[in-house]
């Protein structure tokens, strides 16, 4: 084989250096864009203009795609870049609005369990909107917040008390709060509410301002536009109003519902999605030697499903067990999943193509309505 010409590596290095320069310029432009985003966000805040402008977002994306295609590039590349920039721009504007709101100025908040991932998120959020935040979590590592050893001795000095512990301990914490009767707003942020029903009802019966909140996103979310926060009324309308006001400065969609409605919805939204992905990942793991081959030979559908499943099984298995075991609707959802799987498997085993196609068509009609 002929020897590679010496000038090729030098030329390659020159091209790579040029790419580095272009990449640096791109990052500089992104930073400049974020500066403009901040100015726009401040103007929106001062004029009461809504954070999101969907028509404007569509114009930005369509213009970018058209420009890319005129240069011989894929419009999809421009779409992905601009959607990412818009997402982070909205997050930046929203965060700035949180800071400027100063909702909690001069008030104190306690997060019981503030060392956990979502506990840390709610502590950071309350701090951002002006609260003086303290946490109480013996398992917390390094934290920017004061960590109280004995929250029971001082719970009455806080304007907001958030229970951010695991589901079963949260019920006991709420029961203790009911005995102490603090004057501040009390709410939990658990993913399931049935296991905490006795504690929540005890706090309400004690005359405290209590409700239940469920942020429907993870602790690393950048901005809350397009995300949901659920508010469960356990019999104290004023507490729900206070909790809604606490999150009014976010771009999240705030939804009120009953405890029963919450857990029924969660059986499908969390319970079904978790069990499907855990089963998918378990089947792959049990395939043994096939796993390395599957990593190298796969489809876009498989890769998308694998990404979600890998994320699910990396989470806290004890929490995910609680979400399944603690919801009385879980057997109904699991039965529906098993029935659907049995129908599909039966159609394949029996050579019944019309039945298989009908199942897909029915699902498509519900999930992709025209």
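The backbone N, Cα and C atoms fix where each Cβ goes, glycine too.
Predicted, not measured: the structure shown is a model, and the values here were computed from it.
Among the ranges 12-71, 72-131, the one that TrEMBL lists as coiled coil is 12-71. Within the model, the domain 'Chorismate mutase' (6-97) carries an average pLDDT of 87.
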